[in-house]
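S.K.: The structure under discussion is supplied below as structure tokens; questions concerning it will follow.
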Amino acid sequence: MHISGTFQLINETVRLANIVPGVFRKALKDIKFKDYTIPTGWAVMVCPPAVHLNPVNYKDPLEFNPSRWERMEQKGASKNFMAFGGGMRFCVGTDFTKLQMMENKNPGRPENDDLDDDDDEYDDSTTAEIKTVYEMLANKPGLKYSKT
């Protein structure tokens, strides 16, 4: 799996794993949103899982599908991807975290040699990476595993 494929795998993992279930902010001024007004001083909660699992943003949102990132921005945050926060409070450890994930999921490492590979659809490194990430997500209720 080449480097962009690894980043696709990482983005899909953090999209589903949702590192932070919610982030609170304080409204510094009155905010008008549709028919509502959020008064100054009120707490506002940003909920990344609500964005990351929204079928409007992601087709089959509970399906683990790294290839969905082939034609999507893979850096930073957007209104549809905020695994590491956004704006002035964007996580300073984002790149370090992604580097750690790349290093720990490297299929060439000896600790990954015992993964059984009976799937001919992927090359050895791709299968090992997907199986490793799938094991991380296996306890998430409702997730589906896709090899495409």
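Any Cβ shown, glycine's included, is placed from N, Cα and C.
Pulled these from TrEMBL:
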| type | residues | note |
| --- | --- | --- |
| BINDING | Cys91 | heme binding site |
| REGION | 101-124 | region 'Disordered' |
| COMPBIAS | 113-124 | compositional bias 'Acidic residues' |
S.K.: Other than its own, how many Cβ atoms are within 10 Å of the Cβ belonging to Cys91 (heme binding site)?
M.R.: 15
S.K.: Work out the three-state DSSP category of Cys91 (heme binding site).
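M.R.: In three-state terms, Cys91 (heme binding site) counts as coil.
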